[in-house]
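Step one of this worksheet: look at the structure below.
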Amino acid sequence: MGHRSLILAITLVPVALAASGPSAVAAETPPADAVRRGEYVFNAAGCLGCHTDEKGGGAPLAGGRGLATPFGTFHTPNITPDPTHGIGRWTEAQFVKAFREGEGPGGTHLFPAFPYASYTRMTDADLKDLRAYLMTRPASAQANRPHDLDPPFGWRFLLPVWKALYLDEGPLPDDPSKPAEWNRGRYLVEALGHCGECHTPRDWMGGMDQDRRFAGSSEGPEGDKIPNITPEPKAGIGGWSVGDIASFLEIGMTPDGDFVGSGMGEVIRNSTSKLTPEDRRAIAVYLKSVPAVK
Amino acid sequence: MASRKFLTITAASTLLACLACTAVAQDKESVMKMREQTMKTMGGAMQATGKFVKNEGGTVDDVKAAAARLTEAASKDIASLFPAGSTGGESRAKPEIWTSWDVFAKQWADLKPAAAKLTEAAASGDRQQIAAAMGGVGKACGTCHDQFRAPKQ
């Protein structure tokens, strides 16, 4: 038994293998392999936690989780295939547009609490597979709850200003001077894993401070403090090896045997523990390469 | 004369009050040190177990010793490690510990059976079984940290 599969065996949450049965609502039946790929994208992108009110016992993806931010509290929407309360009527093009441009059907500007500043980097293929998977999830008729935001942050009509300042639309082309593993790691960190949404500090308008990428933040989501994950030796995780980072992403253990909790426990449970060992390694390789920031 | 006596008494009682003050502060500090030690011991035990599981040079005997250290740490009285209000300063202990004490104490109690499984697995020497038991202990650690410890900065 090699060491890779052993580490897999201690994964805290077993990977759900096959995607389960067809939904009551989805109009078309997507090909099974698109659904399977979509489930992987769904896990890597960590959609479940934000869109499920786990504490309140809500149905998966039916929304209603409150996200406390310095701008007020967001209540996540229902993203099950329900035609009235969920996104069952959204076309594929509308779905892709929400991620690429932060714009819902009918031109509604979406708040960047939905981390589309990162998801805009997703490929069309991944977005289509993701939608195929979502359409196989059980529908829930739970109605959406309005957000509870402080002015001026609650004003949707200001969002185009925000987008002009901070949204850099579209996928990043691979850097041919870098190995495939690094490019894959960058995609997992920057697009799917949206690690910077928590680990990069924000300015007063909620834009990510690109000069201090991954340098940690004193006011993360839910008021949490977020640590520095750049390779800076003292402030960051410069002392961690690629293997240390990879096993952290699998089971949540730091090199000194501590086990993380807070927001990161959920990221590991719902997302990084479900990736392949190769993908966790790619994330680690990429993180070791970002500029060190104190 | 009388006023001098009064002054002395005032001075003395102020001094006493202050002594009591630092005594309390020191007490809190030593409690926080003691639990930091306990937690670090458990961290060291998990690190050693991980070295064996990941095949990075640890031996089964290291795991046996680690399981014993974990069991001993998990037997400590949680109320004496976390007396009411022992947080602030560098501490990452959340105030919710004392408002949801029963949940917190239960999560601490859950460590013991998890450590017992690791002891059992270590005795078997089977890497796979040790890995699974280590996952169980890690889950017990992470569940409590998730709810009751503020993130590090």
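In case you wondered, yes, glycine gets a Cβ from its N, Cα and C as well.
TrEMBL annotations: computationally assigned, not manually curated.
The signal peptide feature in TrEMBL is assigned to A:1-26.
Taken from TrEMBL, the feature domain 'Cytochrome c' applies to A:33-138 (among others).
The domain 'Cytochrome c' annotation in TrEMBL covers A:180-291 (among others). Across the residues of the domain 'Cytochrome c' (A:180-291), the predicted structure has a mean pLDDT of 92.
Look at TrEMBL and you will find A:214-234 tagged as region 'Disordered'. Remote same-chain partners of the region 'Disordered' (A:214-234), defined as residues 6 or more beyond its termini with a Cβ less than 8 Å from a stretch Cβ, comprise 67-70, 195-202, 262-263, 287-294.
Helix, strand and coil content of the domain 'Cytochrome c' (A:180-291), in residues and according to DSSP, is 58 helix, 6 strand, 48 coil.
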